[in-house]
Ligand code: KG4
Ligand code: ZN
């Protein structure tokens with residue numbers, strides 16, 4: 001029996017999970033609400049909150065999984081990419097835990113882990129498959145050839161998809177993080193009410209900064225012409241913006257699937273929780289004859305279950321690291 005402890009601390013979620021023989025038994029996530037009043041994640045505060053949260057989160061994950069800490073076979077942690085001060089907390093904890101129990105240490109790339117969340121539940125995608133990873137910091141089209149063999153086909157040239165949601169929310173006067181709120185308001189809005197531009201970026205790369213500027217000018221102009229416009233049309237604006245972000249993502253996904261000739265297609269990362277993207281992918285999958293893979297909501301945004309499952313596959317391969325391992329703010333696939 002292989003019991004793996006997974007630790008995630010790359011941004012503003014402190015999370016710990018237990019995986020037993022490839023099945024997730026617990027996944028504890030401590031959200032940091034302290035950043036809301038600053039309109040974004042404050043790195044120093046995130047790091048301090050991780051320090052406060054990490055031991056209770058790990059203790060709870062062990063308790064909920066009904067295992068004994070002496071039976072844990074290995075500890076997997078997020079090495080990067082992310083905020084260095086945040087990553088340091090998870091990395092140091094994982095090292096100390098592994099050292100104290102004389103068990104192996106496993107380093108995990110956070111962006112690979114988002115994709116490997118698809119191996120938590122059945123059915124799982126078959127290699128090679130295509131994954132669109134969309135989070136607060138990244139937008140990547142990835143050809144997944146094996147658990148840890150991934151080829152980056154395209155990525156954003158400026159803002160990430162999650163940033164496009166969050167920055168739009170800020171323009172619309174919504175609190176941080178605005179992605180989930182835009183999703184909620186969009187549900188009873190008319191997506192055809194307003195049209196926002198689709199950037200013409202060649203190949204499989206993305207760009208979202210032009211869209212952000214277009215939304216800013218649109219809102220300013222409308223408010224000037226009709227004061228109170230935004231309040232009156234908030235739901236329609238959210239639905240129209242969301243529909244454009246989703247169409248930008250899905251158009252590139254379609255192009256990538258054609259280019260590499262695969263029919264198993266997945267989405268991952270925080271923005272894969274977006275209902276417009278989820279529904280859009282299902283419809284596109286039916287049209288294109290794809291098998292589509294969409295993570296459960298709790299495995300879209302940052303969580304340690306994805307670190308633990310990735311750790312399990314490295315454990316099987318005997319892929320361990322020494323205690324001189326350091327976290328990486330930038331860490332390519
Ligand atoms: O993967 P994640 O939890 O953290 C990073 O690794 O960045 O992604 C967070 C991002 C944020 O930008 C958040 O606004 C966005 O995911 N997000 C959403 C939704 N839920 C989370 N964006 C749109 N609709 C949602 N339902
Ligand atoms: Zn993430």
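Just so you know, glycine gets a Cβ as well, placed from its N, Cα and C.
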Site-mate of 133, 134, 135, 136, 137, 179, 183, 274 for substrate in TrEMBL, selected among 121, 159, 166: 166
Annotated companion of 110, 114 at the Fe cation site, TrEMBL, chosen from 279, 302, 319: 302
Residue 133 (substrate binding site) versus binding-site residues 110, 114, 302 - nearest by Cα: 114
Distance-selected binding-site residues near ligand 2 (C-beta under 6 Å), from 133, 137, 179, 274, 302: 302
Rounded Cα-Cα span from residue 274 (substrate binding site) to residue 114 (Fe cation binding site), Å: 15
By Cα-Cα distance, the member of binding-site residues 135, 137, 179, 274 nearest residue 302 (Fe cation binding site): 135
Residue among binding-site residues 137, 179 with least C-beta crowding, 10 angstrom cut-off: 137
Integer Å distance between the CA atoms belonging to residue 135 (substrate binding site) and residue 110 (Fe cation binding site): 11
